[in-house]
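Undergrad: Right, I'll just put the structure down here and ask away after.
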Amino acid sequence: MGVKFIKISVCYFVIGACIGMYMSMTEQFTLTPVHVHINLLGWTAMTLAGLIYVAFPAAAETTLAKVHYWVHNIALPIMMIGLALFVSGVSAAIPAVAAGGSFLVFGIIVFAINILKYVKN
C-alpha cells in the first residue's frame, strides 16, 4: 500500500502545482485554500503515510491501510471540489466541504489506529 500512497500523492502534487501556477498567471488567488489543502492533505500527508507504510509493512498489509487509502482518496476530492465552489461564491457547496472533511477525518483516524496497532519497535 505504501507505493500506492506515494504514487497517488504525486497526482495531488501536480494538481496543487497547476492550481498554484493558474493563480500566479491570472493574479487571482481565490483558490488559495484549495491549493493549500491539496498540497497538504494530498501531496504531503499521502507521501508521509506512504513512506510510513513502506517502512512498516505490517501496517501496510492491513485492511485498515486499504480503508485509509480509499477513504482519503474519496473524501479529499469531494472536500476540494466543494471548497473550490464555495470560495468561488457557491454557498450551497458547504455541505460537500463538511461531508468531505468529516470523511477525511475518519480516514485519518483509521490511519492513526492502524499505526498505533501495527507499528512495533
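Cβ atoms are placed via backbone N, Cα and C, with glycine included.
Curation plays no part in TrEMBL annotations; they are all automatic predictions.
Pulled these from TrEMBL:
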type	residues	note
TRANSMEM	5-24	transmembrane segment
TRANSMEM	36-56	transmembrane segment
TRANSMEM	68-87	transmembrane segment
TRANSMEM	93-116	transmembrane segment
Undergrad: Ranking 5-24, 36-56, 68-87 by Cβ pairs under 8 Å to the transmembrane segment (93-116), which is first?
TA: 68-87
Undergrad: Hey, which bits of the same chain come close to the transmembrane segment (5-24), Cβ under 8 Å, at least six residues off its ends?
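TA: For the transmembrane segment (5-24), the list is 30-32, 34-35, 38-39, 41-47, 49-51, 53-54, 69, 73, 76.
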Undergrad: Same chain, outside the transmembrane segment (68-87) by at least 6, Cβ under 8 Å from its Cβ: which residues?
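TA: Answer is 1, 4-5, 8, 12, 30-31, 33-34, 37-38, 41-42, 45-46, 49, 93-104, 106-108, 110-111, 114.
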Undergrad: Counting only residues 6+ away from its ends, which parts of the chain sit with a Cβ under 8 Å from the transmembrane segment (36-56)?
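TA: The answer is 1-6, 8-13, 15-16, 19, 65, 68, 72, 76, 79-80, 83, 104, 111, 115, 118-119.
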